[in-house]
Every structure is written in C-alpha cells, then in structure tokens.
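Have a look at the structure below before the remarks.
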Amino acid sequence: MGDNGQLKKDTIRGLFWTFADFFSSRGIGFIIQLLLARLLLPVHFGLMGMILIVIAVSQTIVDSGMQNALIREKDSTQEDYSTVFYFNLVISFLLYSVIFGIAPYVSLFYDEPILTALLRVLGIIVIINAFSIVQRTILTKNIDFKTQTIINIISTFFSGIISIGLAFYGFGVWSLVIQNVVGQLLQSILLTVHNRWLPSLIFSVASFKRLFGFGWKLLISSLIDTSYQNFYNVIIGRTYSTIPLGYYTQALMLRDVASKSITSAVQKVTYPVLSKMQENEEQLKRGYRTLIKSSVFITFPVMIGLSAISGTLIPLLFGEKWAGTVPFFQILCLAGMLYPLQSINLNILQVKGRSDLFLKLEIIKKTFGISLITITIVLKLGMFVLVWTLVISAVISYFINSYYSGKLLNYSTKQQIKDITKTMISTLIMGISVIMLGSQLDMLNNLFSLILQIMLGFSVFVGMSLILKSNELNYFIKTLKTLLNKKVKNQTEIEKVSNNQ
C-alpha cells in the first residue's frame with residue numbers, strides 16, 4: 001500500500017475511533033450530566049463555572065504547546081519525550097502552588113466563600129494531567145485513537161457513577177469537583193499502564209529549545225483563546241449572579257457535546273495526518289478541502305437542528321428548572337457552527353510551522369472580541385447581547401483564519417464558501433422547517449413533538465442534499481459502507497476460525 005493509501009486508511013480509522021469516542025464516552029458523559037442536572041441546582045454549576053478559567057489557563061500553561069510540537073516532529077526521540085515530561089511536571093507543581101495561594105482572592109472576587117476549598121481541590125487535576133500528557137501524545141502521534149476512546153469511556157463512566165452517588169446524598173457542587181478529579185486520575189493511570197512509557201533520567205536543553213521554540217507561540221495563542229473563552233464566565237458570574245452563570249455553563253456544556261466534540265475529533269485526527277502530508281502541497285490541499293466540506297456537512301445541520309428544537313429538548317431532558325438555559329443555548333449553537341471550520345484552518349498554520357502567524361491571528365481576533373465585550377459592558381446592553389458577541393467573534397475569526405490559511409495553500413475564503421454553499425442551503429431550509437413545525441406543536445406531548453421535529457429535520461436535510469447533489473452525502477454513504485463491510489469481513493473471518501477449531 002502506498003503512502004497516500006496508508007494515510008487515507010489511518011485517517012478513516014482515526015476518525016472512526018474518535019467519533020466512537022464522541023458517541024460513547026461523550027454520550028456517557030452527557031447522560032451523567034443530565035442526571036446531575038436533575039439532582040443538582042443551577043447555582044452548583046454556576047459555582048463550577050466561576051473557577052473553570054483558573055483550571056483551563058493552568059492546563060494550557062502546563063502543556064505549553066509542547067504536545068503539538070511533538071506531534072509535528074517526524075522522529076521524536078526518548079530524549080524529547082523525557083524532556084517534555086519533566087518540564088510539564090515541574091510547571092504543574094509550580095502552578096498548583098499559585099492556585100492554592102490565589103484561591104482565597106478568587107473567592108473574595110466573586111463573594112463566594114466556598115470557592116477557596118473548591119479551587120484548591122479541583123486544582124489537583126493540573127498535576128495529575130501533567131503525568132499523562134506525553135503518553136497521550138505518543139498515542140495521538142501513532143493515530144491510536146482506539147486506545148484513547150476505551151480509556152475515556154472507562155474514566156467517564158466510573159467518575160460519573162461516583163459523582164451521581166455524591167449528588168444523590170446531598171454533596172452538591174462537590175460532586176462536580178470530585179467527578180473531574182477522579183476522571184482525570186483514572187485517565188492518567190490507564191494511559192500510563194497501557195503505554196508503558198517511562199521517562200529516562202535526562203533533560204535535554206537542546207530538545208527543549210527546539211520544541212519550545214515552536215510551542216511557545218502556540219502557548220501564547222492558547223492562553224489568549226482559553227482566557228477569552230472563559231472570560232464570559234467571569235463577567236456573567238461577577239456582574240450578574242451564580243444562577244444565570246449556571247444556565248450559561250449548562251448551555252455551553254450541551255453545545256460543546258456536539259460542536260466541540262466534533263471539532264476535537266476532527267482536530268485530533270487531522271493534525272497528525274496532515275502533518276504527514278506537509279511536504280506534498282497538492283495532497284495537503286485535497287485533504288484540507290475534503291475536511292472542510294465533510295466537517296461542515298456534520299456540524300451545520302447538527303448545530304442548527306439543536307438550536308431549533310432546544311425549546312422542547314432542554315426542559316424535557318433537564319427539567320423545567322433549566323428552562324433559562326434555552327436562550328443561551330440557541331445563541332451558542334450559532335457560534336458553534338463555525339468552530340470546526342476555524343479549527344481546520346488553524347491546523348494548516350501549525351502543519352506549515354507558522355506558529356508565529358498563529359499567534360498573530362489570535363491577537364487580532366481577540367482584540368476584536370474584547371472590543372465587543374467592552375462596548376457591551378460600557379453601554380450596559382445586557383447579558384444576552386454579551387453572549388451574542390460570541391457569534392460575531394466566531395464569524396470574524398473564521399474570515400481571518402480562512403484568509404491566511406487559504407494563502408498558504410492557494411485555497412481562498414471565497415472557494416471555501418463556494419464548497420460549503422450546498423450544505424448551507426440545506427441547513428437553512430432544514431432549520432426553518434423545524435422551527436415552523438415546532439410552532440404548530442405546542443399542544444402535543446414534548447417527547448412526541450421532539451421526535452417529529454427530529455424526523456422532519458433529518459428528512460429535509462438529506463432530501464435537500466440529494467436535490468442539490470451534494471458530494472458530501474455520497475462521501476459519507478461510501479465511508480459508512482466501507483466501515484460496515486470491514487466489520488462484516490472481520491466477523492466472517494472470526495466465524496471461519498471458530499468453525500475450523
């Protein structure tokens with residue numbers, strides 16, 4: 001099999017197991033969150049939302065862009081891996097010391113005394129995660145997402161069971177904290193046991209300089225993005241109250257089950273695969289176009305569909321006490337449509353080694369975003385206008401990302417939009433149809449109404465894709481057939497072996 005055939009095989013296998021992770025561990029995680037939402041109150045999720053920015057920023061600093069630097073390297077050595085491991089570990093202990101020290105001030109900032117203890121316990125995951133970054137990197141570099149999927153399923157399930165038990169017995173927000181700590185601990189243990197990689201007693205200054213030379217710009221970019229994304233939690237929690245932040249946090253979680261999971265799946269698989277294509281411009285461009293069109297074909301209908309049915313879906317799943325989540329969720333879904341597109345465009349910059357440009361674009365985009373936030377706060381336009389700035393920022397970010405990545409591959413924003421126009425039309429008609437149907441079903445049972453809306457949305461989208469002769473529909477049908485045929489073939493071989501014994 002040639003290099004192209006092997007890359008295609010690796011990509012399909014990687015995407016299969018990453019999406020299997022989405023439908024299994026993420027699915028399990030969603031069910032657990034659903035049960036926790038039934039047992040807990042919006043205020044509990046709001047308290048978690050207040051401290052997530054500290055943890056998210058700390059995790060980003062611990063990684064320092066080194067993971068992507070290792071993945072991009074064609075021939076990483078034991079010396080490289082060991083150097084990154086020790087760096088991650090030292091930084092994680094230093095950061096936890098900072099977290100422990102600032103916890104009372106975070107509590108004072110929000111006027112929530114319980115945050116001191118919550119942050120000090122939750123902060124432990126920064127150290128735990130540092131032990132497994134290299135192990136996860138090795139699996140990703142080898143495009144082994146099957147192992148990562150299995151580990152995620154196990155850790156999600158057991159940490160979820162523990163958190164549900166704690167919530168049932170009245171532990172409140174602590175059930176969410178323990179869920180995160182136990183989940184991260186199980187992941188680290190399982191990754192270490194499976195990978196059986198151990199660091200050597202060496203720290204190479206040369207390796208560190210080379211890897212950090214690429215990674216530091218990604219670190220700054222990630223810090224800007226992570227801080228910006230979590231800044232909304234800070235503003236809502238500080239300016240309004242814990243309950244609206246709980247609604248926003250739950251809406252974000254529900255949106256991310258679809259949007260960020262798809263983005264993560266595409267990004268995790270495509271970065272190592274595209275990195276192997278980096279010296280073949282034509283092959284890289286073809287792969288890039290296919291990813292753009294395929295990702296949009298999934299994300300657009302899912303996001304618009306969820307937004308259209310959210311008025312029925314959220315009260316049905318989480319209960320009427322979470323009805324305040326609906327308007328947040330509808331707005332966030334519109335922003336979430338564009339995340340996979342942004343992710344793929346940014347991947348190209350990393351593949352091309354343009355971490356300098358990556359950083360430059362993050363600064364430009366977040367300057368726009370912060371300007372919008374500032375205007376909203378100064379003019380006191382309200383909480384929902386604040387959340388709408390996420391949509392505006394997402395649109396601006398897409399055009400900026402696609403312009404620069406397009407220049408690197410001679411694939412302009414105009415060409416990208418042309419490639420996804422059919423999917424956009426199908427999605428728009430689907431969304432309008434579902435909303436119109438929903439407005440006529442107020443008197444029906446919520447579950448029956450939801451089923452009808454989903455069936456109509458699916459039928460309209462597939463029907464429009466057929467009418468417009470969408471190549472992406474054919475691509476997904478062929479890919480599905482390939483995976484099913486492979487499964488049938490493997491089952492047949494197993495049966496033959498069993499019969500011969």
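Glycine residues also receive a Cβ, built from the backbone N, Cα and C atoms like all the rest.
What TrEMBL annotates here:
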type     : residues : note
TRANSMEM : 12-37    : transmembrane segment
TRANSMEM : 43-62    : transmembrane segment
TRANSMEM : 83-105   : transmembrane segment
TRANSMEM : 117-138  : transmembrane segment
TRANSMEM : 150-177  : transmembrane segment
TRANSMEM : 197-219  : transmembrane segment
TRANSMEM : 295-318  : transmembrane segment
TRANSMEM : 324-342  : transmembrane segment
TRANSMEM : 385-404  : transmembrane segment
TRANSMEM : 424-441  : transmembrane segment
TRANSMEM : 447-468  : transmembrane segment
What same-chain residues lie close to the transmembrane segment (150-177): Cβ under 8 Å, and 6 or more beyond its ends?
21, 24-26, 28-29, 31-32, 35-36, 39-41, 44-45, 47-48, 114, 118, 121-122, 183-184, 186-187, 190-191, 194
Top Cβ-contact partner of the transmembrane segment (324-342) among 43-62, 117-138, 197-219, 295-318, 424-441 (pairs under 8 Å):
295-318
Apart from its near flanks, which chain residues at least 6 from the ends of the transmembrane segment (43-62) lie with a Cβ under 8 angstroms of it?
37, 88, 91-92, 95-96, 98-99, 102, 106, 110, 112, 114-115, 118-119, 122-123, 125-126, 129-130, 133, 172-173, 176-177, 219, 222-223, 226-227, 229-231, 233-234, 236-237, 241-246, 248-250
Among 117-138, 197-219, 295-318, 385-404, which stretch has the most Cβ pairs under 8 Å to the transmembrane segment (424-441)?
295-318
Let me spell it out: take the transmembrane segment (197-219), skip the flanking residues so only those 6+ beyond its ends count, and list any with a Cβ under 8 Å from a Cβ in it.
60-61, 63-66, 68-70, 72-73, 77-87, 134-135, 138, 350, 353, 355-356, 358-359
